[in-house]
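**Student:** Annotations per TrEMBL:
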TRANSMEM  21-40  transmembrane segment
TRANSMEM  46-70  transmembrane segment
TRANSMEM  91-110  transmembrane segment
TRANSMEM  116-137  transmembrane segment
TRANSMEM  144-164  transmembrane segment
TRANSMEM  176-200  transmembrane segment
TRANSMEM  226-243  transmembrane segment
TRANSMEM  249-268  transmembrane segment
TRANSMEM  280-297  transmembrane segment
Ligand code: HEM
Ligand SMILES: CC(C)=CCC/C(C)=C/CC/C(C)=C/COP(=O)(O)OP(=O)(O)O
């Protein structure tokens, strides 16, 4: 028989599952590096960094929990998600919704001392992910993750806003334009990242009635679009150099990382196995992490 302490521990573990910490870790990296770049290649004050990472964790964790509340019906149908706390009745729907909303409110409060724009951007991210992607697009259009992907691209803008006090109406675009490029890189990264996985999980999505691209347009079309979005993403990653936020060391690293990305994407055109799709999915995670680390290293070494 489990003791109350074990029950408390397993409940805590379930709340942790709701937040999706592994995804949060990559979201935080795409927040952290822009903070450093925006502040001219220096770390902002320690408390700013800590509050931004804490607020980012609360915002993304809260959004992920509300997503799991809303998607409890389809999560119960898909084999990848059916063991989550709600479909498994380990938490009640009100516990999940309450937790998600509480974290979301806390994120705003934690980010306010950083600056208002940072707090507003994070709350916009929660709103976009929960309302626009989860509640509206995910179940209604094949473009769901293309348009909805904008949510996951907001964290670099949160980081940029935290690293520099921007006034959108007064400051020159040079001060905030790099944030738009960082947003665009993650925006175009999302479809290859997700569609590689969606090809593997196609039957799951079909069973749940979610109109993901491989379900609606087939795998061949999905592979073509993966290559197309990969090209755009790589081109955008190079263009960051033109804004002089990063330099030639970054450019070299982005070229190597991009070439590997393209290799895995193109490989899926001739190798239709799930193993080939897994390789791109897994590399997509490493790619985004290394690309942002490359920005930081370039700035740290070459000023
Ligand atoms: C609309 C946009 C996105 C969609 C639909 C999406 C979808 C997914 C899905 C379905 C998984 C598998 C999760 C699982 O196995 O439970 C996944 C994994 C992952 N995603 Fe995304 N993703 C998106 C954007 C992002 C962004 C912006 C990031 C970070 C910058 C990210 C980081 C990750 C990471 C780190 C994993 C691996 C998680 C693990 O191994 O547990 N994703 N994504
Ligand atoms: C600034 C801010 C807070 C932005 C929000 C960023 C955020 C939480 C992005 C999450 C992206 C993601 C995991 C999508 C998967 O949803 P899904 O419903 O398709 O995946 P699932 O089937 O695994 O639930």
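Yeah, the Cβs are placed from backbone N, Cα and C, and that goes for glycine too.
Automated prediction, rather than curation, is the source of TrEMBL annotations.
Just tell me what is around each of these and how deep it sits.
**Tutor:** Under 8 Å from some Cβ of the transmembrane segment (91-110) lie the Cβ atoms of residues 11, 14-15, 18-19, 51, 54-56, 58-59, 61-69, 72, 85, 119, 122-123, 126, all in the same chain and six or more residues away from its ends.
Long-range contacts of the transmembrane segment (144-164) within the same chain, counting only residues at least 6 positions beyond its ends with a Cβ under 8 Å from a Cβ of the stretch, are 27-28, 30-39, 44, 48, 52, 56, 59-60, 63, 111, 114-115, 117-118, 121-122, 124-125, 128-129, 132-134, 137-138, 175-176, 178-180, 182-187, 190-191, 194-195, 198, 210-213.
For the transmembrane segment (249-268), same-chain residues at least 6 beyond its ends with a Cβ under 8 Å from one of its own Cβ atoms are 192, 196, 199, 223, 226-227, 230-231, 233-234, 237-238, 240-241, 276-277, 279-280, 283-284, 287, 290-291, 294-295, 297-299, 301-302.
Counting residues 6+ beyond its ends, the transmembrane segment (280-297) has Cβ neighbours under 8 Å at 26, 29-30, 33-34, 36-37, 185-186, 189, 192-193, 196-197, 200, 226, 237, 240, 245-246, 249-250, 253-254, 257, 260-261, 264-265, 267-268 in the same chain.
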**Student:** Residues of the same chain, at least six outside the transmembrane segment (226-243), with any C-beta under 8 angstroms of its C-beta?
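**Tutor:** Result: 174, 177-178, 181-182, 184-185, 188-189, 191-192, 195-196, 250-251, 254-255, 257-258, 261-262, 265-266, 268-269, 280, 291, 295.
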**Student:** Under 8 Å between C-beta atoms and at least six residues away from its ends: which parts of the chain pack against the transmembrane segment (116-137)?
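**Tutor:** For the transmembrane segment (116-137), the far contacts come to 52, 55-56, 59-60, 62-63, 66-67, 70-71, 104, 107-108, 143-145, 147-148, 150-152, 154-155, 157-158, 161-162, 166, 168.
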**Student:** Quick test of the contact rule: Cβ under 8 Å, at least six residues beyond the ends. What residues does that give for the transmembrane segment (46-70)?
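**Tutor:** Non-local partners: 15, 18-21, 23-24, 27-28, 31-32, 35, 84-86, 93, 96-97, 99-104, 106-108, 110-111, 113-114, 118-119, 122-123, 125-126, 129-130, 134-135, 151, 155, 158-159, 162-163.
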